[in-house]
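Trainee: One structure is given below, represented as structure tokens, and several questions about it will come after.
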Amino acid sequence: MLKQSERRRSWSYRPWNTTENEGSQHRRSICSLGARSGSQASIHGWTEGNYNYYIEEDEDGEEEDQWKDDLAEEDQQAGEVTTAKPEGPSDPPALLSTLNVNVGGHSYQLDYCELAGFPKTRLGRLATSTSRSRQLSLCDDYEEQTDEYFFDRDPAVFQLVYNFYLSGVLLVLDGLCPRRFLEELGYWGVRLKYTPRCCRICFEERRDELSERLKIQHELRAQAQVEEAEELFRDMRFYGPQRRRLWNLMEKPFSSVAAKAIGVASSTFVLVSVVALALNTVEEMQQHSGQGEGGPDLRPILEHVEMLCMGFFTLEYLLRLASTPDLRRFARSALNLVDLVAILPLYLQLLLECFTGEGHQRGQTVGSVGKVGQVLRVMRLMRIFRILKLARHSTGLRAFGFTLRQCYQQVGCLLLFIAMGIFTFSAAVYSVEHDVPSTNFTTIPHSWWWAAVSISTVGYGDMYPETHLGRFFAFLCIAFGIILNGMPISILYNKFSDYYSKLKAYEYTTIRRERGEVNFMQRARKKIAECLLGSNPQLTPRQEN
């Protein structure tokens with residue numbers, strides 16, 4: 001808020017006399033607007049700059065009825081006031097032709113006839129109101145000696161509002177904040193319904209762009225830092241402080257040395273499990289671990305390594321689940337869903353293997369066992385999703401996922417165009433190639449693979465048209481793929497670069513704040529000094545430093 005003028009006084013109620021009411025009914029129709037002389041600031045001219053007209057559809061109906069009810073109430077109160085004979089001299093009618101306002105230290109004189117033309121605005125209601133209490137409720141302060149109304153608002157925006165009362169057109173300065181400008185317009189009650197709507201486009205574009213940037217900034221901050229509710233940990237009935245320390249240990253890797261060690265161990269186990277999953281398919285690496293007391297162990301060594309990794313992932317997930325302050329937020333988190341998908345296939349596979357073993361003992365049909373085997377292969381395939389656990393420790397992966405969420409419309413359009421191209425060109429090539437002897441374009445579904453490879457500009461060469469018309473369609477398909485791949489990639493890359501840099505900056509700020517409590521370099525120097533002091537106790541304090 002701007003400071004009010006030093007000449008402001010406390011509110012003082014003064015009843016209006018009959019002369020004032022009569023003078024208000026015979027106001028001059030001239031619209032004399034000008035600045036007051038003396039210590040007050042003069043009226044500024046229209047500010048130079050880039051302006052845009054702004055329109056907002058007038059909301060009739062409830063607002064119109066409310067305005068009529070207010071006027072009826074004010075007329076009734078005015079009739080009660082005029083019944084009493086006022087005391088003291090009356091003001092000249094000439095002084096009642098203008099309304100004196102002071103906005104942020106700048107004084108203005110507005111003609112009553114201009115304000116009465118916009119009775120729904122704040123100054124219009126102030127000018128047309130006959131109740132002093134109603135007038136005082138519309139302003140911040142009132143000075144009786146100079147008959148001046150004070151408002152603690154932005155004078156730069158009111159200059160545009162003042163020009164609106166003068167010309168009937170609101171000019172929007174491009175340098176103003178859209179949200180701040182709309183807030184000021186809401187306070188003054190300016191509706192602006194007589195300006196062409198086409199001039200509103202520039203202002204709406206800036207407003208929408210600002211809203212989108214603020215939304216993205218909020219989501220990026222939420223991605224960069226773990227939102228924890230202090231009151232939730234404080235109000236927990238069961239082991240609140242212990243769960244808070246465990247939460248910091250699992251979710252904030254830079255809050256302590258132990259948390260950093262757990263983060264490094266988690267990334268290491270992810271890489272080891274992925275390597276073990278890949279090497280487990282190599283026949284030379286499938287060596288048995290030996291024989292135990294219960295008989296030969298048929299599981300390879302790499303499967304034992306994978307089981308160890310899955311045990312760590314399970315323990316990590318359970319600790320996060322036990323320490324979370326909000327189960328709903330935990331369930332909605334994408335990273336926690338990835339953790340669950342990473343460990344769930346192994347337990348489903350073990351469960352199905354148990355049922356499969358019982359089925360063999362009971363002599364079930366081969367068909368049912370074969371179906372279970374297919375399900376087991378799908379479960380094994382789902383284990384590759386555990387590599388997505390690296391997104392918890394990788395800024396680039398999280399920025400890539402955030403980019404896909406923000407650009408889902410562009411990605412959807414890209415997939416739609418690719419599908420349309422595949423269906424169109426595969427049907428076209430099939431129509432001219434299916435009669436060729438020993439052709440690979442036997443059906444349209446068989447042609448989909450060729451169209452997909454051609455649109456992606458890969459070109460394996462396993463399928464190719466032989467007729468001249470088919471080659472012409474192939475050229476069109478490749479050209480369509482080049483144009484299609486070039487349009488959205490630049491947009492996605494620019495947004496990914498922007499989101500990655502912002503997310504990296506927010507993460508750096510969060511890490512610096514978390515490291516404020518734990519200074520690893522200072523702790524390392526302290527440990528080295530303690531070791532040196534233990535090996536040579538004759539060191540002086542100066543030598544220790």
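Easy rule for this one: first residue shown is 1, then count along the chain.
Glycine residues also receive a Cβ, built from the backbone N, Cα and C atoms like all the rest.
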Trainee: Which of the listed positions, ASN17, ASN440, does Swiss-Prot note as N-linked glycosylation site?
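Mentor: Matching ASN17, ASN440 against Swiss-Prot annotations yields ASN440.
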Trainee: Match it up for me: which of 298-318, 445-465 does Swiss-Prot list as intramembrane segment?
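Mentor: Based on what Swiss-Prot states, intramembrane segment spans 445-465.
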Trainee: Please indicate whether the topological domain of TYR239 in Swiss-Prot carries the same name as that of GLU466, placing both on the same side of the membrane.
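Mentor: Checking Swiss-Prot: the two residues are co-localised relative to the membrane.
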Trainee: What is the total of other Cβ atoms whose distance to the Cβ of ASN440 (N-linked glycosylation site) is within 10 Å?
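Mentor: Other Cβ atoms within 10 Å of ASN440 (N-linked glycosylation site): 15.
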Trainee: Taking the transmembrane segment (411-431) as reference, which of 262-282, 337-357, 375-395, 472-492 has the most Cβ pairs under 8 angstroms?
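Mentor: Most Cβ pairs under 8 Å with the transmembrane segment (411-431) come from 472-492.
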Trainee: Is the topological domain 'Extracellular' (432-444) packed against any residues at least 6 beyond its ends, judged by a Cβ distance under 8 Å, and which are they?
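Mentor: For the topological domain 'Extracellular' (432-444), the nonlocal Cβ contacts are 426, 450, 462-463, 465-467, 469-470, 473.
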Trainee: How about long-range neighbours of the transmembrane segment (375-395): same chain, 6 or more residues beyond its ends, C-beta under 8 Å?
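Mentor: Distant Cβ neighbours of the transmembrane segment (375-395) are 253, 263, 266-267, 270, 273-274, 277, 313, 335, 338-339, 341-346, 348-349, 352-353, 356, 401, 500, 503-504, 507.
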Trainee: For the topological domain 'Extracellular' (432-444), DSSP counts of helix, strand and coil?
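Mentor: Residue counts for the topological domain 'Extracellular' (432-444) by secondary structure: 3 helix, 0 strand, 10 coil.
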Trainee: Please spell out the DSSP helix, strand and coil residue counts for the topological domain 'Extracellular' (466-471).
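Mentor: Helix/strand/coil tally for the topological domain 'Extracellular' (466-471): 4 helix, 0 strand, 2 coil.
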Trainee: Quick one: mean pLDDT on the topological domain 'Extracellular' (466-471)?
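Mentor: That region's mean pLDDT is 92.
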Trainee: Per DSSP, what is the residue count of the motif 'Selectivity filter' (457-462) in each of helix, strand and coil?
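Mentor: Within the motif 'Selectivity filter' (457-462) the tally stands at 0 helix, 0 strand, 6 coil.
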